[in-house]
């Protein structure tokens with residue numbers, strides 16, 4: 001009887017500890033801009049893209065310009081994925097244990113390393129699969145057709161982000177449980193988290209830039225190119241966790257993310273429209 005009581009007490013204590021150390025979900029975010037403001041931002045994005053496309057067309061090769069535009073879109077798309085439910089929780093779960101100190105950060109460094117390894121594995125698996133499909137089915141698609149198709153899709157999702165068009169948003173509405181840190185060592189959690197997020201479609205999709213990146217990988221022409229495409233996006237997804245090397249409180253990071261939630265969506269839409277417009281100018285001039 002006493003052993004049962006003791007086990008119950010230990011279980012309750014563990015649950016209480018988990019509740020105390022887990023950061024609650026954020027429900028109050030910054031407000032969206034008015035319809036008029038979003039419309040002006042949309043027009044500005046298109047005009048900026050058209051201007052940038054004309055400038056790049058006269059100063060560099062089309063292939064180099066398109067590569068640069070893609071790298072910007074993919075890397076920033078990875079950064080913007082931090083505003084997903086999994087982005088919030090990864091910054092919270094993958095933190096140094098105890099009070100901030102050089103020793104705590106040093107002991108935590110392997111967790112960041114395994115987290116990055118998980119993202120790398122995800123890029124190899126997802127990018128390799130998409131690149132393989134591209135090699136088999138889409139290797140002969142003309143560059144101009146590919147760019148026009150992906151740019152049109154990007155414009156649609158840019159309008160979606162500004163609230164002027166409804167686009168399909170396929171995703172798996174799942175994330176790693178908040179109590180994950182109590183099941184495995186921190187470095188193991190870092191690896192599992194990195195792989196799950198590095199696969200990109202196993203959890204929530206925060207930015208439709210991922211769909212454009214996926215399309216680029218599908219039209220990349222080979223396995224190596226497909227891996228490189230997803231790797232650029234995953235680098236952007238992985239880097240925000242490095243904020244935990246700094247002496248910042250978890251609550252401060254979560255509050256900052258919540259405060260800029262709507263702005264992240266607007267940046268997302270702006271870049272989709274601007275980069276798509278620039279890409280169209282490059283292949284149509």
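Placed from the backbone N, Cα and C atoms, the Cβ positions cover glycine too.
Annotation source Swiss-Prot lists transmembrane segment at 39-59 (among others), citing sequence analysis.
Per Swiss-Prot, the feature transmembrane segment maps to 60-80 (among others).
Positions annotated as transmembrane segment by Swiss-Prot, on the basis of sequence analysis: 119-139 (among others). Within its own chain, the transmembrane segment (119-139) has Cβ neighbours under 8 Å at 194-201, 214, 217-231, 233-235, 237-238, counting only residues six or more beyond its boundaries.
Annotation source Swiss-Prot lists transmembrane segment at 145-165 (among others), citing sequence analysis. Counting residues 6+ beyond its ends, the transmembrane segment (145-165) has Cβ neighbours under 8 Å at 32, 35, 38-39, 41-42, 45, 66, 73, 208-209, 211-212, 215-216, 219, 265-266, 268-273, 275-277, 279-280, 282-283 in the same chain.
Summarising the annotation, Swiss-Prot assigns transmembrane segment to 188-208 (among others) and lists sequence analysis as the type of evidence.
The transmembrane segment annotation in Swiss-Prot covers 212-232 (among others).
Per Swiss-Prot, the feature transmembrane segment maps to 265-285 (among others); the stated evidence is sequence analysis. Sequence-distant contacts of the transmembrane segment (265-285), counting only residues of its own chain at least 6 positions beyond either end whose CB sits under 8 Å from a CB of the stretch, comprise 32-33, 38, 41-42, 44-50, 52-54, 56-57, 62, 65-66, 69, 72-73, 76-77, 80, 83, 143-144, 147-148, 150-152, 154-155, 157-162, 207-209, 212.
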Hey, which bits of the same chain come close to the transmembrane segment (188-208), Cβ under 8 Å, at least six residues off its ends?
77, 80-87, 90, 93-94, 110-123, 125-126, 157, 160-161, 167, 169-176, 180-181, 214, 230, 233-234, 237-238, 268, 272
